[in-house]
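J.: Pasting the relevant annotations from Swiss-Prot:
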BINDING   GLY10, GLY11, GLU12, GLY13, ALA14, GLY15, LYS16, SER17  ATP binding site
Amino acid sequence: MQGRFITFEGGEGAGKSTQIAQLTQSLQAHGVKVLCTREPGGCPISERIREILVTGQGDDLDGTSELLLILAARHEHIRQVIRPALASGHWVLCDRFEDSTLAYQGGGRGGDGPWLRQLGQWIRGDVFPDLTLLLDLDPTVGLARSKRRGGQEQRFEQEALSFHQQVRQAFLQMAQQEPQRMIPIDADQPVQMVAATIWREVEGRFFVSF
């Protein structure tokens, strides 16, 4: 079976990891080889970069340094994990990818969109999502969920609400620009309803007839 690359995008607390687990179960039940991964992270060096980016270790970073660390982590993630997995026929399900960079470092931080896209293309080369599932959620709801979850990875959650609103708008704008690839899904629903919507999209998109 041909490898597929499916990315999950959205703001904080949108439920990406939960829905990746749900889709993984559905695919594996039908004999699909699945690899789940995340960004930043996914391989040892990229996970070390993640620690800097999403915890208090990164508080002193400016926007340029933050971006360069993200791109370095992505380069190694693609090289070490994503490209080999796709070549071996796995379906790769990734929690965040290039769209998050455009939304957070572009929409949220105010970075130059065309320049970010150029850098992104240079880093990823021929690796590009077959499908992107955008879990859309009001930032006030998502941030409340994330706060209840707790943990040390709270650096971005501490940004102002206006930052997260800009991130959301950037995601939605990208979905309008690329409607064939990037599918917005209402994440303010019960987990199983969101999972069912995602499965219908995946099944229909790839003509899955198991």
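Note: Cβ is positioned from N, Cα and C throughout, glycine not excepted.
The structure displayed is predicted, hence computed values, not measured ones.
Help me understand the surroundings of these features in the structure.
T.: Within the same chain, residues at least 6 positions away in sequence whose Cβ sits under 8 Å from that of GLY15 (ATP binding site) are LEU135, LEU137, ARG145, ALA187, VAL191, VAL194. Annotation note: GLY15 (ATP binding site) sits in a coil segment as assigned by DSSP.
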